[in-house]
């Protein structure tokens, strides 16, 4: 019925076809009936063009022809706006687009010469109308093509984000698998060797066998603690993962996100990243709930002594009561990792928190 990619919204623009349909009522003569029939064919042609199939050139040529016929016969040039937008919105290669655009200009060429049969006062008014509509018709394909490219770019960015999210999850799984293999593999091998040795010594040297069994127990406790640490690290949220969720939340709220310095976060230890992820999440939540912003920026910087995380927007800021309740928890979190939080409101809201560089431990890459 309609393209899945664009949905039913593609047909909304056909509502303007109702203007001549209503204006011609009642359809009591041949001209009006012909005009109504022509509009019906035009709607079918428009719908078929949306699918951009192998018959697309035929349907576009028919749409050009109907638009020209309607302009010359009834004086309504605005019908050309539909094929003009169509060749911009429908995906096609640049050289193909050029051919359709040249065909559009050629189809428009006879329009100014079609006014000779009209009375002078009507011809003068139509010249102005044709000039205005002609300008928009000639510009529409480029505007439509630009909008289409922007939509495709947003789709590619979304797909890239989805792929990045998958890669991050896979890398985390591989890291956990490596840690478990390196830790448990070595520990279990040692425990197996010592257990076998204790079994052989139990009848020959009981004291030595007891020491071996005690070492097995100690190795087992150490391994258990290591496993607990690995499991605990699995609960940590990395900043890269949090940024994906932040981008999704802001997109849902129709707020544009821009970031700088994301690559620096890989140098921070996982426990620090977990705390900073929470702070970033809460800061962005405040932007969504209270700021009425249209744009949000997250800037990550590093100097010799500190990491600086800035979350700012172009909204109206927060009320004092919201500030008191909402940022207390953030401040406590930042202080728990020896950091500091600053908050300002001028031309929007700005939340800045800093973390000492010497709080780094082992990096994620290790």
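Our numbering is plain: 1 for the first residue shown, then up by one each step along the chain.
Glycine is treated like the rest: Cβ placed from N, Cα and C.
TrEMBL lists transmembrane segment at one of the ranges 40-57, 130-147, namely 130-147.
Residues 77-78, 80-81, 84-89, 97, 100-101, 104-105, 108, 111-112, 115 of the same chain sit 6 or more residues outside the transmembrane segment (130-147) yet have a Cβ under 8 Å from a Cβ within it. Residue counts for the domain 'DesK/YvfT N-terminal' (2-131) by DSSP state, with H, G and I taken as helix and E and B as strand, are 100 helix, 0 strand, 30 coil.
Note: the domain 'Histidine kinase/HSP90-like ATPase' (273-356) comprises 35 helix, 30 strand, 19 coil (DSSP; helix = H, G, I, strand = E, B).
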